[in-house]
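Residues or ranges marked as N-linked glycosylation site by Swiss-Prot on the basis of sequence analysis: ASN17, ASN20, ASN24. What Swiss-Prot records for 344-364 is region 'Disordered'. According to Swiss-Prot, the feature topological domain 'Virion surface' maps to 1-36, 91-103, 172-188, 256-279. Taken from Swiss-Prot, the feature topological domain 'Intravirion' covers 58-69, 125-150, 210-234, 301-364. Annotation comment: Swiss-Prot describes 37-57, 70-90, 104-124, 151-171, 189-209, 235-255, 280-300 as transmembrane segment.
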Amino acid sequence: MTTSTTTTTNIMLQVSNVTNHTLNSTEIYQLFEYTRFGVWLMCIVGTFLNMLVITTILYYRRKKKSPSDTYICNLAVADLLIVVGLPFFLEYAKHHPKLSREVVCSGLNACFYICLFAGVCFLINLSMDRYCVIVWGVELNRVRNNKRATCWVVIFWILAALMGMPHYLMYSHTNNECVGEFANETSGWFPVFLNTKVNICGYLAPIVLMAYTYNRMVRFIINYVGKWHMQTLHVLLVVVVSFASFWFPFNLALFLESIRLLSGTQNETLQTVITFCLYVGQFLAYVRACLNPGIYILVGTQMRKDMWTTLRVFACCCVKQEIPYQDIDIELQKDIQRRAKHTKRTHYDRKHAPMESGEEEFLL
């Protein structure tokens, strides 16, 4: 009985060590005290960029919105939840110290893992949608529509909430640590299962699927199409590379932690590496959520134009512009001329366009 009790105690200590370094609310709160200005600055920048993406899609692209736009919009929503969630949860912890740590523990884990799995689903569907447009073209236009994309989005959010449920329902704040509460029968293998699930479903599987679709699209464009779709591939390549790079330290730490749990060793050097990788990985995940819209701005030409147009429209709404009475006729004539030129240009582009009308997506 003594040996069994000692073994169970050792297993629970190992589980506590794992969960202590997975979004440890106490240690994150201590870091927040030193980097409070930087966290709020990144929150403001990330909120502005993600809201700009969402506004551009919902306002500027509302009439010609494509399934890709729907996935990008929800990806921005997932990033926005991560960006806004962290500083507000930590501010709540500062002003409500009695109940705050329990809320921070569950809240940060919920935002982090739900948005992680939801963002992965949206990235995969975004790559698959681009693959269908480039490789299959008009053959899948009946299947590929906004109603189906909206249904997929709802399914993905529900699936992300279910997949992330063990990460925030089974964690609680105990002895100033955010630890997992597992039964004795599952305390040995369930943390390893959670880490492996994140490694496979949240990192390896998306990279393999996105790399496969990207490879097929590149080969198809080089052999059969032309270079007008290369802008889309540039954006997708940057998105895939940034996803793999920013999430690598976090998933590496989970993988090393699973190995340490299975082997049962207590190596201080390995534990230090795991802790460092987890902190770096969580920081990079927050940075990526803030700067992910910048990828579309820097690489996507059409995205940059649409976002700039949205900014100008809202700037004109905020600043009242008055046209003198004698210039109204002149302005109307100029507007009629611009509309006529735009109609002729649109007719010419549709006639000589290298791709079917309606295939130019928000991502280009």
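Cβ coordinates are placed from backbone N, Cα and C, and glycine is handled just like the others.
When pLDDT values are averaged over the topological domain 'Intravirion' (210-234), the model yields 74.
Most Cβ pairs within less than 8 Å of the transmembrane segment (189-209), among stretches 37-57, 70-90, 104-124, 151-171, belong to 104-124. Helix, strand and coil counts from DSSP across the topological domain 'Virion surface' (256-279) read 20 helix, 0 strand, 4 coil.
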